[in-house]
Each structure stands twice: as C-alpha cells, then as structure tokens.
There are 2 protein chains.
Amino acid sequence: MKLTILGCYSATPRTITNPTSQIIEINNQMFLIDCGEGTQVQLRKHKIKFSRINHIFISHLHGDHFYGLVGLISTFMLLNRQNDLHVYGPKGIKEVILLQLRLSNSFTGYGLYFHELTSKESQVVYEDDKVKVSTIPLQHRVYTNGFLFQEKPGDRKLNLGAVFNYEIDKCYYQKIKNGSDITLDDGRIIPNEKLTFDPTPTQSYAFCSDTKYDESIIPLIENVDVLYHESTFLEQDKDKTTHTMHATAIEAATIAKKANVGTLVLGHYSTRYGNIKLFKEEAKTVFENVLLGDDGKVFEFNK
Amino acid sequence: MKLTILGCYSATPRTITNPTSQIIEINNQMFLIDCGEGTQVQLRKHKIKFSRINHIFISHLHGDHFYGLVGLISTFMLLNRQNDLHVYGPKGIKEVILLQLRLSNSFTGYGLYFHELTSKESQVVYEDDKVKVSTIPLQHRVYTNGFLFQEKPGDRKLNLGAVFNYEIDKCYYQKIKNGSDITLDDGRIIPNEKLTFDPTPTQSYAFCSDTKYDESIIPLIENVDVLYHESTFLEQDKDKTTHTMHATAIEAATIAKKANVGTLVLGHYSTRYGNIKLFKEEAKTVFENVLLGDDGKVFEFNK
C-alpha cells in the first residue's frame, strides 16, 4: 500500500504548499482522493500516469478539496482519454462540473460518471474483487465524507510440499486456494489448513479530512492500518476548532489511539504555522506511531 | 505601462508552463486579464499584492482562461478582503462562480460584482478618469472578447517660466492645465500653447486571445502601442487553425503589421512545441518589433 501526498495544507494554495489531494495505491489499484487547485500539476510532478486514475473521491465541496477537479477532467479530455472516469462526492458536484463543461462548449469523449453522496450513514461506494471503499461520515461545516479503503483478502496460498505429498491433481488447486478441504481417492479427508498457508495480510487506509474531533467515527476506522486524520491546528489554537470544525494534532492522535490504528498520518495544516514538525511533536504525546504528511511525501506500508 | 505574463501557454497547465493570465499596469492602475488554473500561485510568485486587483477581465469560458478565478475569489475571501471586486466576462460566469460559492456555503465579505458580456460589438466596459477599457470581439469556438486598455491623457503641463513671466495668479493654473487661454488684466489674450507643454503621451494595450486570424479587429486596435495576439501554432501546423479557431505566429504578425501597432507580444503557444523561439522567428518575417511572451516575463513600455 502506497500513499502519495500531492497536497496537505488547508485553505489557499501557495507557492510552496498545495491544497488537499492524495493518491492511495492499494492492491495495485490507484485512487485519487480530493483534488484541490493545482492537483493536475502535482500529478505530473510525481509522474503519476493520468490513465491509471479511474476513480476520484471528493470529501466535500470546499474549494481547497475540489477546485482542481474540473481542470483535471478537462485535461483528460484534451489528452483523448478513453477510459471511464468515476467521481464520488457530495450532491452538487455533478451540476458544477457539467455547468463548466457546458459553458466551454466541451464534452468528454470518455464516460464521466458521478456518484453523488447524500447519506449521513456509512455506505459502500465502490467495490471490486480486490478493494472495497466505504464512506466515513464526518462532522464539518458542510456535508463531508472521509473514505475507508479496504483491501480484500486474496486466495489462500498453496502449500506445494503438501499437495505434492498427497499427490493431489492440479485441477483441484484453485478449489484448495479458495479454502476447500480435499477428499483423497482412498477416502481420507485432508483439511484445508494442511494444504495452504494464510493469504497475504490485507491492508486498510482511512482518510478523514476535514472534520472536527468526533469519536463517532471510531467504530468505522477501528484497527485500520493507516489513518490520515486532519490536524489543522496546534494546541495553542484549540479554541479555533469549534467555529471552524477542524481538529488539532492532539485530537487526531486521540482518535488514532482510541481506534487502535497502526499508523497515523497528519495533514491539512493551517498555513499560519512556520514549522509543521510541531504537529508531530504534539501528536506523539498521545500516540506513538505518527508520520508527518507533507506535499511530495510518499509512504509505503507493508504488513 | 507594465505587462506581467503570469501564464501564456494554451490548453493544460504543466509543471513548467501555466495557462493564460496576465497583469497590465497602466496609469498606475492594475488589471488582471484571464485567470487560468494556478493564477493565484503565479500572483504570489510575482509578489503582486492581491489588494491591488480590483478588476478582472475574462476573455472566454474555456478552462485555460478562467478555472483559476473561483479559487482566487475564495482566497480573497479567506484573506478578509474588503474592497469591491469587479469581474468582466461572458454571460454564465456569474452562475458558475456563485454556484461554487453556494456549494461550499461561502459568501464573500467584499462586494463581488459581475459584468456579464453578450454583445458582439465593441463596448466600453470600464472607465475612470485615467483609463478606459473596451471589448474587442474575437472569433473563437465560444463567445470571446479581447480587451483594449487606453490610458487617458492627463492635464497639460504648466510652463512655469511662462506663467511667472505673465504674472498669472495661481488660481488660474488648473484652468490653464485644462487647456484654456488666459486674458490678462491689460486685455491681452495668451493662447494656451504659450503657457503649457503637451501632457505625457498616453499608452494603449490590446489583448487578443483566443482568436482565429480576423482582420475585422484591425480598426479597433489600429496604432495601439502594444498588441498581445495569440499565436497558438507555427506555420507547419497552419491547417489546425481552421478547426481550432486559433492563429499562427505569422498571422499574429500580419494583424500587427496591418494595424500598425508599436510592439507585438506573442503567446498562447501550443504545448506541442519544444522551442518557442521559433514563434518569434516566424513572426519577424512579417513584422519587426516582436516580443516573445513567456511565463514570468515582465515587459515595461515607455513612450
């Protein structure tokens, strides 16, 4: 599992920082989460192939999370994209994108599908045989969802020594990998655990931005391997969290601890601070395994 | 008069080039023309004070000319701008900006005024005591205007030696600067030209992008000091101009020559070319005084 932070600062793009956007690669699938202004240039900088992006998840309709989407969709169009593109985001996202395409008399040559979200309960928004993506309803100033990416377990791994030993025919291998026991010609039943090893452990990633401190998300993100949780403010500005409905680094760490996650990645820093290392320092007073997200950082996670 | 090119490449923003946006400073007034994605970052790079931008002119609603506008408007909002902001552009621009602000539950604390354009005839869209701005209707795939910025002549300059010599009272100075003759106490009439010098010569700037080659604009831009005319293609790709309704460098130079302009600035280059110097070379075969626009270039023009 690989996380590429294209941008992780709040509010306005600057010469040195970018608004929210990131790529999560899980089970060889690539997903774009949020798309602030300038995301397409960040994708180019990181040499991420546009053709690998087929699913874009937008948390909410504040500009720093989606003003780059229409430009990316237009660029895909200019580059003669053929693959379908699926966009998941709050109701309204379809209207605003299509209005802009209509005003420019432009139409995508590829299939552009909007999956508009309105539910305040968690729901599965994408699923294939390798990955499942669900929403994490968040508490912010506008309707907002985080997203939970869960790798699905693959086949069990064949214990080749054992299957040779029992002289099991190849035609049963897939059945065994699917978990079945095997009855030999002499009537003996060989239980599956003698013929296989456990599959590669699955991984999971939860993206939670933007949100105030909200313990109601804990059941949804419990035990995830990696949690990206916004930390807009340092403790000195905790009073600003109520009005803005953002969180502090310590609050992010508290959620990480209570949800028993593997690793916490911080981000969505207010641009008022000179030194983002303080976010990590504060978070580590509550939860040990903290990574400091920053534009351009790539994190690889293995089990 | 000072022209700052924030971006002058067509189609998609890239790591090394930006879509159209520029600042023209004329008679100490600053105007932003077009606002492709990333313009706000380009403005910061060039240390242009956001508070000096009060009038934004949008040529047309193709993404590479206005996808950065909503972000700039939002950033002004986050920075607690107080001054009114006026946006001039094709009908539809108000709907698309306000829809995005509404979806993010955001409202500007400053006055945001849209001046929507629909006329296919040239019209004055802005005027004060120093500058006049008129549209230049252009021929492109969607409704498009160029913009003509004309400095207004200031007062005539007082010939101090002469007014002392005739012992003219100070209370007449403004009248003289306005061009009046003066009758002395002894009845002699002193013609204004004996009491004043000509005012500082005025300058003018015409922005013409995007457009196909179109001689009908010549009467509107005749004798301007500086013409920015799009040159999307080199001569080798002239066949692409018909369908795309863009111009070549030679076509831009031909318009400059026929309109007898002072200086031609090229821009809106297709990103298919490796070396933009060829645009200048081709244009110079038709018109001598050519400048090669490029992102980050600042041109000062004096008479």
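Every residue, even glycine, has its Cβ placed from backbone N, Cα and C.
TrEMBL labels come from automatic prediction, so no person has curated them.
Features of the protein shown, as given by TrEMBL:
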type	residues	note
ACT_SITE	B:D64	active site, proton acceptor
BINDING	B:H60, B:H62, B:H140, B:D210	Zn(2+) 1 binding site
BINDING	B:D64, B:H65, B:D210, B:H268	Zn(2+) 2 binding site
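Close to B:H268 (Zn(2+) 2 binding site), meaning Cα to Cα within 10 A, are the following binding-site residues out of B:H60, B:H62, B:H140, B:D210: B:D210. Applying an under-8 Å Cβ distance to chain A, the binding-site residues B:H62, B:H140, B:H268 reduce to B:H62. It is B:H140, among the binding-site residues B:H60, B:H62, B:H65, B:H140, B:H268, whose Cβ has the fewest other Cβ atoms within 10 Å in the structure shown. Taking the Cβ of B:D210 (Zn(2+) 1 binding site) as centre and 10 Å as the limit, one finds 26 other Cβ atoms among all the protein chains shown. Residues B:D64, B:H65, B:D210, B:H268 make up the record's Zn(2+) 2 site, and a Cβ search at 8 Å around their centroid adds B:S10, B:P19, B:T20, B:D34, B:G36, B:S59, B:H60, B:H62, B:S209, B:E230 from the same chain.
Neighbour density for the residue listed as 'active site, proton acceptor': within 10 A of its CB lie 27 other CB atoms from the protein chains shown. Apart from B:H60, B:H62, B:H140, B:D210, the residues listed for Zn(2+) 1, the same chain places the Cβ atoms of B:S59, B:L61, B:H65, B:L138, B:R141, B:V142, B:T144, B:S209, B:T211, B:M245 within 8 Å of the centroid of those Cβ atoms.
Between B:D64 (active site, proton acceptor) and B:D210 (Zn(2+) 1 binding site), the C-alpha separation comes to 10 Å.
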